[in-house]
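Enquirer: Take a look at what TrEMBL says about it:
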type: DOMAIN; residues: 79-259; note: domain 'Malic enzyme N-terminal'
type: ACT_SITE; residues: 102; note: active site, proton donor
type: BINDING; residues: 155, 417, 461; note: (S)-malate binding site
type: ACT_SITE; residues: 173; note: active site, proton acceptor
type: BINDING; residues: 244, 245, 268; note: divalent metal cation binding site
type: DOMAIN; residues: 269-530; note: domain 'Malic enzyme NAD-binding'
Ligand SMILES: NC(=O)C1=CN([C@@H]2O[C@H](COP(=O)(O)OP(=O)(O)OC[C@H]3O[C@@H](n4cnc5c(N)ncnc54)[C@H](O)[C@@H]3O)[C@@H](O)[C@H]2O)C=CC1
Ligand SMILES: CC(=O)C(=O)O
Ligand SMILES: [Mg+2]
């Protein structure tokens with residue numbers, strides 16, 4: 001354990017123990033005086049390096065690997081060895097490294113988690129050990145925890161159930177909390193709730209690291225989640241708890257159950273909603289079609305799809321439409337086609353998004369018993385098409401061409417992750433719309449050619465939102481995360497859209513600017529929390545300073561021995 005006091009930190013660790021602690025280890029950057037004071041001479045090669053030199057050495061090694069999964073494993077190892085160096089490398093090379101620590105490579109990292117597992121990071125809380133949760137959380141190492149990302153691994157990106165391998169996601173998300181939001185790594189805790197897996201490959205894999213059992217569901221599952229959340233609240237009453245990659249039947253249920261009990265949000269529902277809404281608000285500057293006249297088709301009426309529809313609908317109501325006028329502007333398409341009034345098999349969270357039967361009278365349909373996306377596009381003539389279905393290629397050429405036929409500037413956002421699950425590629429959308437579409441994708445793609453130049457399509461991912469929401473909420477000690485805070489985040493994102501100054505520019509700032517974007521989002525979120533009376537302890541004129549004080553920049557501080 002260490003304490004940081006102004007310009008130095010004190011620790012009781014020395015020798016190998018100090019080098020083995022990723023939060024304290026500096027590797028070859030321990031100074032001569034520290035090597036003397038902490039018995040490190042001989043354990044390290046004699047040359048004392050700077051952080052910059054260490055970053056260059058690691059970057060060179062990283063670039064030498066054959067593929068991104070190797071780079072992912074290398075970076076995970078580095079994170080578990082020397083966090084300061086890991087974050088210095090990440091912060092200085094966000095654009096290059098985000099696709100490795102985050103989507104798309106983190107997806108492969110989850111699939112290969114059992115093979116890549118080296119050192120413990122975060123917590124695995126499993127059903128067989130549910131009676132131990134309090135004791136596990138009590139460890140002094142976790143005294144400073146402020147932000148938790150938790151998953152049960154059931155819906156990892158668009159890759160489905162990855163069981164305990166899903167731990168890669170909380171680790172990746174929290175890497176962005178620090179890399180983009182500036183939260184100190186010692187305050188972050190990734191958690192995997194191991195309730196089993198229904199993935200036959202995991203169950204049959206002799207190397208699988210998780211609990212080899214089919215998924216526990218029903219009351220036993222709910223009791224486990226309740227035990228977990230109660231233990232979290234008891235241990236850290238002011239902690240931020242982010243739910244990530246839960247399957248759709250649990251995601252909204254858990255959000256509704258817990259959102260009034262602690263500072264918590266579901267990133268797939270609310271974070272995704274804010275990035276999609278922010279990108280749409282930016283697109284409106286370019287297309288000139290006001291929000292109140294937008295018609296939105298969404299493929300995939302799950303957590304992300306219904307979250308997106310809900311926030312855009314709220315924005316339409318803010319812009320002057322009535323609730324029912326706004327509701328008519330959404331066309332949610334799932335496996336069984338357009339969500340229609342009276343349809344059987346709808347989940348409770350989908351019910352607010354069904355279309356009136358009356359709205360489709362007069363539609364020309366290829367299969368009246370299942371209204372497919374192409375029929376929706378041809379008949380409803382949406383201005384916006386969003387994909388959160390995890391179905392690669394679902395935005396087929398006829399669908400995209402139909403969008404281009406009814407819009408001068410169609411807005412097309414295939415947002416599924418990872419890259420292999422995107423509903424369409426930027427190159428295809430560009431070709432099928434003669435370059436007229438405003439495109440956003442969930443995972444990074446190589447640049448396309450537009451007007452004879454290379455154009456990097458916006459990575460429209462909740463990474464633009466959740467680090468700022470977390471930091472903003474924590475900086476002002478907010479007690480709850482409200483929908484208003486996500487609306488504020490969306491508007492803040494739109495306020496920094498490069499397209500505001502030039503319609504040919506991107507809708508979103510580049511990934512390399514995510515640290516600045518996160519600060520902008522954090523400020524808007526904190527001010528909104530203040531406005532809603534959710535952050536009463538902090539005077540309004542201190543909000544900005546509190547946010548800046550929360551931002552940690554990776555650098556080494558000198559160590560002294562604990563007296
Ligand atoms: N870009 C971003 O920031 C984000 C992207 N996503 C991505 O969105 C996708 C969905 O995520 P969630 O909504 O959380 O998952 P989910 O499982 O809650 O929802 C997916 C929905 O798609 C539906 N679906 C599956 N096949 C379909 C088909 N052929 N046609 C129509 N609908 C179909 C499912 O029935 C389900 O309702 C994932 O790939 C995820 O990675 C999710 C969150 C953020
Ligand atoms: C980005 C994200 O949260 C997802 O794909 O699930
Ligand atoms: Mg997610």
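The backbone N, Cα and C atoms fix where each Cβ goes, glycine too.
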Enquirer: Taking the Cβ of residue 417 ((S)-malate binding site) as the centre, count every other Cβ atom within 10 Å, in any protein chain shown.
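Expert: Its Cβ has 25 other Cβ atoms within 10 Å.
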Enquirer: Within 10 Å of the Cβ of residue 268 (divalent metal cation binding site), how many other Cβ atoms are there?
Expert: 27
Enquirer: Quick check: with 155, 417, 461 left out, which same-chain residues have Cβ atoms within 8 Å of the centroid of the (S)-malate site Cβ atoms?
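Expert: Same chain, not in 155, 417, 461, Cβ within 8 Å: 103, 157, 158, 245, 268, 272, 304, 415, 416, 418, 442, 443, 462.
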Enquirer: So which of 102, 173, 244, 245, listed as recorded positions, have a Cβ under 6 Å from an atom of ligand 1?
Expert: none
Enquirer: Setting 244, 245, 268 aside, what same-chain residues sit with their Cβ within 8 Å of the center of the Cβ atoms that define the divalent metal cation site, listed in sequence order?
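Expert: These residues sit around the divalent metal cation site: 151, 155, 169, 243, 246, 251, 266, 267, 303.
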Enquirer: Cα of the residue listed as 'active site, proton donor' to Cα of residue 173 (active site, proton acceptor): how many Å, rounded?
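Expert: Between the alpha carbons of the residue listed as 'active site, proton donor' and residue 173 (active site, proton acceptor) there are 7 Å.
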Enquirer: Whole-number answer please: how many Å between the C-alpha atoms of residue 244 (divalent metal cation binding site) and residue 173 (active site, proton acceptor)?
Expert: 9
Enquirer: If you measure residue 417 ((S)-malate binding site) to residue 173 (active site, proton acceptor) at Cα, how many Å is it?
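Expert: It is 14 Å, counting Cα to Cα.
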Enquirer: How far is it from residue 245 (divalent metal cation binding site) to residue 155 ((S)-malate binding site), counting Cα to Cα, in Å?
Expert: 5
Enquirer: Hey, how far is residue 173 (active site, proton acceptor) from residue 155 ((S)-malate binding site), Cα to Cα, in Å?
Expert: 15
